[in-house]
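See below for the structure under consideration.
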Amino acid sequence: VLSPADKNNVKACWEKIGGHGAAYGAEALERMFLSFPTTKTYFPHFDLSHGSAQVQGHGKKVADALANAAAHVDDLPSALSALSDLHAHKLRVDPVNFKLLSHCLLVTLAAHHPAEFTPAVHASLDKFLASVSTVLTSKYR
């Protein structure tokens, strides 16, 4: 459960990310594809090369979804309901992949904002991404 301090850290982090969200999302996806090659199987139609328009576009979708989740941190199930349906019923993404992408997002954010990525912020973002992952996998049955 996210504490009030966690929620403040998450919102402050997303404000700091600002217009860089799409680039960070794409970078995190690239990290995931390189570090965990099995994740590529969900994107057979994508050009997965560095800087490809498709990876950039999906990175923006990831960033936009997380920004929406951060803005609605008190009601993640409602904010992410459509995405949960999509990933569970249509895309059938293995739930472990959300953890892998979350890890890559944390690495990306730490690399770009080392001064702000304190242990408390790291813990808050980790809890937030775990909560998002839990909601996204809640309809897997």
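From the backbone N, Cα and C atoms, a Cβ is placed for every residue, glycine too.
Annotated features, as they stand in Swiss-Prot:
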- 1-141: domain 'Globin' (DOMAIN)
- SER3: phosphoserine (MOD_RES)
- LYS7: N6-succinyllysine (MOD_RES)
- LYS11: N6-succinyllysine (MOD_RES)
- LYS16: N6-acetyllysine (MOD_RES)
- LYS16: N6-succinyllysine (MOD_RES)
- SER49: phosphoserine (MOD_RES)
- HIS58: O2 binding site (BINDING)
- HIS87: heme b binding site (BINDING)
- SER102: phosphoserine (MOD_RES)
- THR108: phosphothreonine (MOD_RES)
- SER124: phosphoserine (MOD_RES)
- SER131: phosphoserine (MOD_RES)
- THR137: phosphothreonine (MOD_RES)
- SER138: phosphoserine (MOD_RES)
Report task. Anything within 10 Å of THR137 (phosphothreonine)? Look among the recorded positions LYS11, SER49, HIS87, SER124, comparing CA atoms, and list what you find. Result -> HIS87
Requested in this report: To the nearest whole angstrom, state the Cα distance for the pair SER49 (phosphoserine) and SER3 (phosphoserine).
Outcome: 39
Requested in this report: Select one residue from SER3, SER49, SER131, SER138: among these modified residues, choose the one with the most other Cβ atoms within 10 Å of its Cβ.
Outcome: SER131
Query raised in the report: Can you tell me the mean pLDDT for the domain 'Globin' (1-141)?
Result: 94
Query raised in the report: In angstrom units, rounded to an integer, how far apart are the Cα atoms of HIS58 (O2 binding site) and SER3 (phosphoserine)?
Result: 30
Query raised in the report: If you measure SER138 (phosphoserine) to SER102 (phosphoserine) at Cα, how many Å is it?
Result: 17
Report task. Determine, using Cα-Cα distances only, which of these modified residues is closest to LYS7 (N6-succinyllysine): LYS16, SER102, THR108, SER124. Result -> SER124
Query raised in the report: Hey, what's the Cβ neighbour count for LYS11 (N6-succinyllysine) at 10 Å?
Result: 15
Query raised in the report: Once the DSSP letters are reduced so that anything not helix or strand counts as coil, what is SER102 (phosphoserine)?
Result: helix
Report task. Could you state the whole-number distance in Å separating the C-alpha atoms of SER124 (phosphoserine) and HIS87 (heme b binding site)? Result -> 24
